[in-house]
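Structure record follows, encoded as structure tokens.
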């Protein structure tokens with residue numbers, strides 16, 4: 001009886017041990033499975049963290065590059081503005097613009113004086129012809145009309161004297177303008193350069209309307225170029 005009871009007890013203990021081992025193995029397997037899941041999750045998190053760190057470094061580096069580029073662009077803009085300002089106000093550029101203006105004005109005024117002289121010369125020729133006719137008529141010996149003829153001749157002579165004085169004034173002004181043009185314009189823009197400029201663009205220096213149009217074009221073109229440079233610097 002005692003032996004049977006002992007065997008039964010040993011069998012029960014063996015069964016309990018087997019069940020405990022199974023449960024223990026099941027728990028170990030579950031823990032190992034969870035450990036593998038956790039390891040995979042940790043690996044994924046580490047990878048994501050590394051990727052985010054790389055992205056952050058790239059963004060930081062890009063921001064630094066953009067900041068340097070912005071600083072350099074601002075520096076270039078300030079330098080360009082100062083250079084453009086100096087360029088627009090340098091004595092050489094001002095002298096050239098003044099010389100071109102004087103050259104055009106001189107050509108226009110020369111043409112106007114030439115036209116005035118031509119008109120006075122035409123009137124002078126007409127009056128001389130009239131004076132010759134009156135003198136010839138007076139020489140014909142008509143006593144009744146001699147007084148009127150003398151008066152007409154005196155009037156014509158007075159008009160001739162006035163016209164000759166106007167012609168002298170125009171000639172004096174032409175000489176004066178020629179001297180001013182040669183002394184002032186030649187220091188920066190020689191006269192032959194101006195003549196070559198007019199020849200290249202097909203403008204005659206005695207065409208007053210063309211010279212006036214040229215002066216307007218030069219002013220508008222200078223304004224357009226300045227605005228274009230300003231827009232270009234702003235885009236940079």
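A Cβ is built for glycine as well, from the same backbone N, Cα and C atoms used for every other residue.
Residues 117-173 are the range that TrEMBL records as coiled coil, among 117-173, 174-230. Across all of the coiled coil (21-83), the predicted model scores a mean pLDDT of 80.
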